[in-house]
Amino acid sequence: MNFIYQKKSPKTKEIEQLAKTQNIKIIRINTNELDKILKNKDHRGFALKLKLEKNKNVKTQTKDFENLLETFKKKENAFILLLDEIEDPQNFGAILRTAEQFSIDLVITTQKRSAKDNSTVLRTSSGASQYVKKMTVTNINNTINLLKNYGFWIYTGDIKGQDINKIKINDKKIALILGNEGKGVHKLIKENSDFLIRIPTSGKIDSLNVSVSTGILIFEIKRQLNLL
């Protein structure tokens, strides 16, 4: 891991001291070199180079998931977020940032047609992607069935769903599903859900950005459960 910076400032001095305590190598380079490394992205004069942890294979993750579900049996409340083919890494990063702030227990993504952990996700999430527990599955419907066996109720965001303000949520184990930026949630997943919910809006366009919707739905569900 390397801490790379362009010029000294009170902020870089503070970060440099922190880097030293963590035995992180410090490298000073000029502006052009930093622009080239970061492909001219807004870097505020410094950067951290690190290696992202590789995802476990799906088979290993499935076993970990089952073990995790066993631990949820001992918890009074649990909240899992499932993302059905969220493809934009900036949306994924923003969702992970929200998930971290609201202490979501697990974020599940699909193996295919989903954004992967990368530098864009890390940056958009402001580092939250490194704190959120995540796993990948091949089939969300199979995952839903497993969650139901462990007492989870499935809530899915859908434009034709019930107004979330007009339903009473009192389930202790919640799984919230959000869908692809363009297509939304797959039909079979909606059919396998316990509730379809929507956010009431009054604008001229018909939907919110998926990362915004995620934050609003998580907040409202947690508010109703007195978990804020």
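The backbone N, Cα and C atoms fix where each Cβ goes, glycine too.
Marked as S-adenosyl-L-methionine binding site by Swiss-Prot: Gly179, Ile199, Leu208.
Of all the Cβ atoms in the protein chains shown, 18 others lie within 10 Å of the Cβ of Leu208 (S-adenosyl-L-methionine binding site). Other residues of the chain with a Cβ within 8 Å of the Cβ centroid of Gly179, Ile199, Leu208, the S-adenosyl-L-methionine site, are Gly157, Ile159, Leu178, Arg198, Ser207, Asn209, Val210, Val212, Ser213, Thr214, Ile216, Leu217. Neighbours of Gly179 (S-adenosyl-L-methionine binding site), defined as other CB atoms within 10 A of its CB across all chains, total 23. Binding-site extent for S-adenosyl-L-methionine: residues Gly179, Ile199, Leu208, maximum pairwise Cα distance 14 Å (rounded to the nearest whole number).
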